[in-house]
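Here is the structure we will look at, set down as structure tokens.
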Amino acid sequence: MGSLLEAPGPHRQAAIYVAGTAPAVPVDADRLRAAAQAMLSPEAFAYADGAAGRGTTRRANRHALDRWQIRPRVGRDITGGDMRATLFGRTLPVPMLLAPLGALELAHPHADLAVARAAAGAGVPMIVSSQASFAMERIAGEMADAPRWFQLYPSRSAALVESLVTRAEACGCEAIVVTLDTPTLGWRPDDLDLGHLPFFFGKGIANYLSDPVFRALLDRPPEEDLPAAVRMFLGVFANPGFTWAKLAGVRALTRLPLLVKGVTHPDDARRAIDHGVDGIIVSNHGGRQIDGAVPAVTALDEIAPVVAGQVPVLFDSGIRGGTDIFRALALGANGVLIGRPLFHALAVAGEAGVAALIANLIAEFDLTMRLAGCTAIAEIDRNMIRRGEP
Ligand SMILES: Cc1cc2nc3c(=O)[nH]c(=O)nc-3n(C[C@H](O)[C@H](O)[C@H](O)COP(=O)(O)O)c2cc1C
Ligand SMILES: CCCCC(=O)C(=O)O
């Protein structure tokens, strides 16, 4: 037992086996999703699970990841092992972050506050969404000095953008992520058939309702006229006219690292670097924006060599387990974001659910890494994987 408990991965395994009962939060991503579905309203589940169009890209994200085959190296000393990675001067326990997810109150009443506590407990950065269910200051208040970033939807109102970025800096966010793939919401049949989108019901707009610039746009405070505030939110949260040139305006607002999220074309990765970004998040928004868009991991394979280490490249859209983290790192990512499983874990057991999800992902990644013969992140290179048959 001593040696089984020696490292983080086996320690987690042992804890589960020793407990002798099935964990309340399923370890398997598909079962976790099913457990969440059983607990959620059809509307809440559809919003999180939903994808654009016929779901082709959501499926393709997984299919493309599954095609990448790990080539384990044997006969290596895998005692010990170090999963740490450094991003923008901060050393992380593992190259993993929690993706920005809007309207988390659909999953659990504690929403972002529960995620913040679990993230802080593990030292895994939380990327607070523009569309959070609590004001970012309250979320940050749950995290002491633990790392958090802020995700920004570039609003039509430049003053609102400035206010949001200033607030993010003031409450200790360590990077700003500008999401570029959602200048308007994609065509999402699951939500359309139910006639439900959280924002229309005033969910996921706490960062706006708490913002002095946003409030100044309203005739009456949101506490007196929520429908009018919702209409204003829908009118200003996004900016279909946002261009690379306008990114310079955001760049000028802050000295924090600036990342762009939603890049899938190598030419856009080049442009991002030309525009002085500090990092790129390769993502197709989990297939929620354009049905038929390139699978995110295929985009990563094309973009990583173009970026060639000039800035960190992060990746999301389809990460469901530790082996996926390994694949993305082998393809050149410097870290990954956890999306839908976070929503599911939150739905199933709140803060404890998110903590279990994080622990399980780290444990599986630790085991994958060492069983593949790697004891440091830098050893996970392109030579560790190959593309299999379609
Ligand atoms: C319920 C939900 C809400 C989301 N909200 C945001 C958001 O507010 N901002 C953002 O940049 N991305 C948002 N995303 C996209 C995620 O950050 C991430 O790119 C995506 O979930 C990755 O795909 P995966 O969940 O299939 O791994 C959201 C995704 C989901 C599922
Ligand atoms: C209005 C923004 C929606 C949040 C989001 O990014 C998503 O649902 O995918």
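Placement of Cβ uses the backbone N, Cα and C atoms for every residue, glycine included.
If you look up TrEMBL, you'll see 21-390 marked as domain 'FMN hydroxy acid dehydrogenase'.
For ARG188 (glyoxylate binding site), the same-chain residues 6+ apart in sequence whose C-beta sits under 8 angstroms from its C-beta are GLY50, ALA51, ALA52, ARG288. The glyoxylate binding site annotation in TrEMBL covers TYR47, TYR153, ARG188, HIS285, ARG288.
According to its DSSP assignment, ARG340 (FMN binding site) is helical. Here TrEMBL flags 100-102, SER129, GLN151, THR179, LYS261, SER283, 316-320, 339-340 as FMN binding site.
The DSSP secondary structure for HIS285 (glyoxylate binding site) is helix. Look at TrEMBL and you will find HIS285 tagged as active site, proton acceptor.
In this structure, the CA atom of ASP316 (FMN binding site) is 17 Å away from the CA atom of TYR153 (glyoxylate binding site). In this structure the alpha carbons, written CA, of GLN151 (FMN binding site) and HIS285 (glyoxylate binding site) are 13 Å apart. Around the Cβ of HIS285 (glyoxylate binding site), the same chain contributes THR179, ASP181, THR182, GLY186, GLY262, SER317, each under 8 angstroms and 6 or more positions distant in sequence. Among the binding-site residues GLY102, GLN151, ARG188, ARG320, ARG340, residues whose Cβ is positioned under 6 Å from ligand 1 are identified as GLY102, GLN151, ARG340.
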